[in-house]
Each structure stands twice: as C-alpha cells, then as structure tokens.
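**Student:** The structure under discussion is supplied below as structure tokens; questions concerning it will follow.
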Amino acid sequence: MGNNVVVLGTQWGDEGKGKVVDLLTDKAQWVVRYQGGHNAGHTLVIDGEKTVLHLIPSGILRDNVKCVIGNGVVLSPEALLEELKMLEDRGVPAKERLHISEGCPLILPYHIALDAARELARGDKAIGTTGRGIGPAYEDKVARRGLRVDDLFNMETFAVKLKEVIDYHNFQLVNYYKVEAVNFDEVLKQVQSVADLLISLVIDVTDELDKARLRGENILFEGAQGTLLDIDHGTYPYVTSSNTTAGGVATGSGFGPAHIDYVLGIVKAYTTRVGSGPFPTELYDGVDKLDPAGKHLGTVGHEFGATTGRLRRTGWFDAVAIKRAVQLNSITGFCLTKLDVLDGLEEIKICTAYKMPGDKLVDVPPMSAEGYEQAVPVYETVPGWTESSFGVTSFDALPKNAQAYVRRLEEITGIPMDIISTGPDRNETMIQVNPFN
C-alpha cells in the first residue's frame, strides 16, 4: 500500500514547505493543495534556479506527478493562467498534469476590491492580508453566494448569479467604502475567456484520490500558510480564512481522514511572521524592535515574503506555540528548516513557557490574540556555533552545538526531527526518516 502524507507549516507560515514538498515528491504520484489560495508563496530552488508558486502544487516541477487543487482552495482564474504561462515558458507542461475540483470557489475582481477597501478602512488596525481577495472569497462561500468552478458548466446561469453577487457587493463598495463599483460586463468577459480551460482541468477529486489510494499510490497533501494562522485555532483575527491545520485536509480535498498515515510539520529553527498580529518571541521588525540577533535572522535568512515581498518579523524559536501545533495536527515528525541561518550566533534562545498576568507560567498558548499579546516569553539559553552548517547533509557533520540544539528541540517538543534542511536547494537536506518509507 502507498502512504498518504500531509506536509504543513507549524508556525505563522513561511517555514519552507515548498522545498520540502518538492523534495518528497520524488516518491509521490499525487500532490494535493487543500486550502488557501494564491496568497501562499512556495519557493523552490532546484539546481540554483528559483521558482515561486502561489496556487499550483509544488509537485508540478516533477515529471509524472499529478497535481490537484482541491475544493478547499479558493481559485483565482487570473492567477492560475499566469502561473501556467510561467511554467510553460520554462518548459513545464503543467496543463497535462494539473487537475482541479469543481467545488473550488472562484476569486473574482470584486473580492480583490473588497479586500483592498477593507484593509484601507481599518487603518492602523489592518490585518495585513495579501490583498488578493482570499478572505472575501471564503466569506462568499460560507454565505452560500459564492460562484464555483461547477457554475462554469452553464454560463447562462453563471451570468445571472454573477449579476446578483456583483450588485450585492457593489452596494457595499460604493455606499460604505466610497470606492468605485466593479463592472459586471468586464468580469463576465474575463470569466468567459477562461471557462473552457478551467472545465478541461476538472476531475472528481474525492473519487480519483480514493482510487489512487486503493492502487497503492503515494499521495502528498501540501499545506499553505501555517498552523498559527488557522481561522479557528490561530491568533484570531490576525489569521487567514481557511483551516491550515491537518483537519483541513479531509474537508478541503474530500479524502477520508482515517487514510492519513503521516503528518510532517515544517518548523523553522527560529520564528517569523509577516504582517500584523501578536508575536511573543519577536526580536526584530525593522521599525520598533531592532535586536541585532533578530536582524541577523532576517538578513541571513533572506526573510522577505514570497507573496508580498514584505520584510518578515523575526524572533526566537517558540516551543509554547509549537506545542499547540503538535496537539492540533497530530504531528508525526518535524522537518527543521533554516538551521544554517543560526550559524555565527554566540547564543540562541528557546522559549519554553509564557509568563501570563499574575505571574502565571503556562506551557501552552492562549486561544486569543489578546492572550498572546499579554504573554512574556520565558527563555532557555543554549550556546551557538561559529562553524558553518550550510549544505551539510549528515547529522554527525553538523557543528556539535548545532547537533545539541536540534536534540534539545526534540526533547522539548517530544517530536523527532525526521528531516533537517541546511540550505534552500533540494540537495541541501538530510532525510533521517522519509515519511513515504
């Protein structure tokens, strides 16, 4: 029988999932996206060539791997076309191996207009969305007014539904946000131009994945964003609009949850966050917090968002937040990324508890953003190392203090570091346990 493996982020996103998915797909026949949209930014470096994917699963760069966009993904036709063209310009025949669920909600221009208008209206309380219409598209889905891929099979009915939903949103855009209305004819024309392509990619995802499972094929589920951005379990309201945790796999793809064999949690050797929201171990944001160790993490780690281009906020490893990720996702093993970024630091800190109001010590995080904001990190300090760990592919070849750091993280989290990444390239990795074996 094959193995069904989930790869997801355990922090606030940007953990290095794209590289790991690409690495593991040499043993996978299918790679499935199950949540999010083109707000994801998965960076892959293969033989020095960098590719950033936002919507299409990272497995597309492997020959013979079928890639699926599941019903839990909100799909921007415009973003999909751009990505297909970029891949085809590089000689990757993406259309031949890409499939989509007809249950995918569509992201259309009025979603992007709403996203921008709302962030502007929030002023300094802005959530820090990517501005790509993700939240408003999920909102329409839950309100049952969203248009989906399956609506494209009847363009006459689609046009009627589109007119209703555009009228609904234009009322808000014009009268509340005082911005320009979205033009119905332009949106309809845009959708008509891509409808045939989208329809040609449709498969029954639940049925095809179940058949693949019964044939003993390996299926990899590729998460986007990170656990602490989950709509239900993250630092609400500074979260994304989908379930980024392992529970989202079943609802976002139609794959039975009992068939998942292994959950690989991607975790950076330190912590980063893009945009607004609480961050207990934060050291550096380029504005108010300017700790030199945090600046080192951001500079050496090239911490700029793959989707937004924004500087990421940086901080120490937060084992308290990670404990929640372990609980939420039933993590089997970790992949530790960017260990090499810590090279050259004299000492490294690990947050092992939060001090809450009243001097109460906790080892699991609060539920609310307000609770996170009140948390004061309690640190354990370990020695750093001066030797290079960059590109090292054997655990024993790592600097001794780097080995000790990895082992200490395993002790604190209770989860083995099955994979360790020491550089951006596919080859700069040590796989101690392969989830597909």
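Positions of Cβ are set from backbone N, Cα and C atoms, glycine also.
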**Student:** If I go by Swiss-Prot, which of Arg90, Arg310, Arg324 binds IMP at the same site as Asp14, Glu15, Gly16, Lys17, Asn39, Ala40, Gly41, His42, Thr130, Arg144, Gln225, Thr240?
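**Tutor:** So the IMP site in Swiss-Prot includes Asp14, Glu15, Gly16, Lys17, Asn39, Ala40, Gly41, His42, Thr130, Arg144, Gln225, Thr240 plus, from the candidates Arg90, Arg310, Arg324, Arg310.
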**Student:** Please identify, among the binding-site residues Thr130, Gly309, Arg310, Leu311, the one with the smallest Cα-Cα distance to Thr43 (GTP binding site).
**Tutor:** Gly309
**Student:** Hey, of Asn39, Thr130, Arg310, Arg312, Leu339, Thr422, which of those binding-site residues are within 10 Å of Asp14 (active site, proton acceptor), Cα to Cα?
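**Tutor:** Candidates kept after distance check: Arg312.
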**Student:** In the three-state scheme derived from DSSP, which category covers Leu311 (substrate binding site)?
**Tutor:** strand
**Student:** For the binding-site residues listed here, Thr43, Gln225, Thr422, which shows the highest count of neighbouring CB atoms within 10 A?
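**Tutor:** Highest number of other Cβ atoms within 10 Å: Gln225.
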